[in-house]
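Trainee: The N-linked glycosylation site annotation in Swiss-Prot covers ASN40, ASN74, ASN160, ASN179, ASN246, ASN317, ASN346 and rests on sequence analysis. The signal peptide feature in Swiss-Prot is assigned to 1-15; the stated evidence is sequence analysis.
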Amino acid sequence: MKAIIVLLMVVTSNADRICTGITSSNSPHVVKTATQGEVNVTGVIPLTTTPTKSHFANLKGTKTRGKLCPNCLNCTDLDVALARPMCMGTIPSAKASILHEVRPVTSGCFPIMHDRTKIIQLPNLLRGYENIRLSTHNVINAERAPGGPYRLGTSGSCPNVTSRSGFFATMAWAVPRDNKTATNPLTVEVPYICTKGEDQITVWGFHSDSKTQMKNLYGDSNPQKFTSSANGVTTHYVSQIGDFPNQTEDGGLPQSGRIVVDYMVQKPGKSGTIVYQRGVLLPQKVWCASGRSKVIKGSLPLIGEADCLHEKYGGLNKSKPYYTGEHAKAIGNCPIWVKTPLKLANGTKYRPPAKLLKER
């Protein structure tokens, strides 16, 4: 019986047989795995997209601010931040803001020496707040400030709704009425006047001109000293006296003088101080700001809505979880940047089709 069984097994093993296995069509999909390197699979889902540049848009689900004051026509953001006459309007609240003025921008009314201070940063500082409003009252009585009485200087390049001459609402140009003499440093306290626990942004500065003009206006042609202090930050300045070339700002009148403008941030309940001599621009209306707004570099106008705002690509809608291309700051519901495309294998590992084998 055992011999017969062995014989049967030999006969069976020599017979033709079919080997079966997993079969599939030829696969063009290759994925790179962490453990097996490149592997052919039967199917993949792309996880990345490469965006193309588009216009900027409003961020879905939130308010987006382009210009600080959209209704202030023919006004730069610096005009609005300094409260230039004819550039005073409501700044809308926003959770996201577009930094669209990428170069230092001058403001009308008076030539500003931008390189002396951080004043060109003021519009960006304001953009970083969700809620921004200009106080209805002046922070100090400039006409009766120490060293006065003063008359408040104006510029023919700053017309307002009632007069052909004016000045920034955030500052008062303090020109001595009768006591046009040199003075030792004077100190004025700047109180906190915001009413809702906001940060108070107080703008101030000083005026410089030729020796002749300084003598005529203030009774002192020497360089003047100025200091501001608030929130633990102290800044010192010395005015520059000289014959500046006439300069015209925003189609205004030619002016030989220059102003240096700065600001200080006062926290709730905290006062600040300004120490000054002749030519001071005393603070008046202040900005009261609260909340946080995300800021991103971009351009105007804002057209439509988008899931994400990207500095290089503009408005993006999130069609894939990842993107390739230029890596830059982005805000909103944004895809994640990756260096190379990612794919999700949604099929099996590819195996060659099974073959009919004939054993001999």
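In case you wondered, yes, glycine gets a Cβ from its N, Cα and C as well.
Note that the structure is a prediction, hence the values are computed from the model and not measured.
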Trainee: Just how many other Cβ atoms lie inside 10 Å of the Cβ on ASN346 (N-linked glycosylation site)?
Mentor: 11
Trainee: Between ASN246 (N-linked glycosylation site) and ASN160 (N-linked glycosylation site), what C-alpha distance do you get in Å?
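Mentor: Rounded to a whole number, the Cα-Cα distance is 23 Å.
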Trainee: Sort ASN246 (N-linked glycosylation site) into helix, strand or coil using the DSSP assignment.
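Mentor: DSSP assigns ASN246 (N-linked glycosylation site) to coil.
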Trainee: Given the glycosylation sites ASN40, ASN160, ASN179, ASN317, ASN346, which one's Cα is the least distant from that of ASN74 (N-linked glycosylation site)?
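Mentor: Minimum Cα distance from ASN74 (N-linked glycosylation site) across ASN40, ASN160, ASN179, ASN317, ASN346 lands on ASN160.
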Trainee: Nearest to ASN40 (N-linked glycosylation site) in three-dimensional space, by Cα, is which of the glycosylation sites ASN160, ASN179, ASN317?
Mentor: ASN317
Trainee: Measure from the CA atom of ASN160 (N-linked glycosylation site) to the CA atom of ASN179 (N-linked glycosylation site) and give the result in Å, rounded to a whole number.
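Mentor: Taking the Cα atoms only, ASN179 (N-linked glycosylation site) lies 29 Å from ASN160 (N-linked glycosylation site).
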Trainee: For ASN160 (N-linked glycosylation site), which residues in the same chain are close in space, meaning a Cβ under 8 Å from its Cβ, but six or more apart along the sequence?
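Mentor: In sequence order, PRO85, MET86, GLY166 meet the Cβ cut-off.
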Trainee: Roughly how many Å lie between the Cα atoms of ASN346 (N-linked glycosylation site) and ASN317 (N-linked glycosylation site), rounded to a whole value?
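Mentor: Rounded to a whole number, the Cα-Cα distance is 24 Å.
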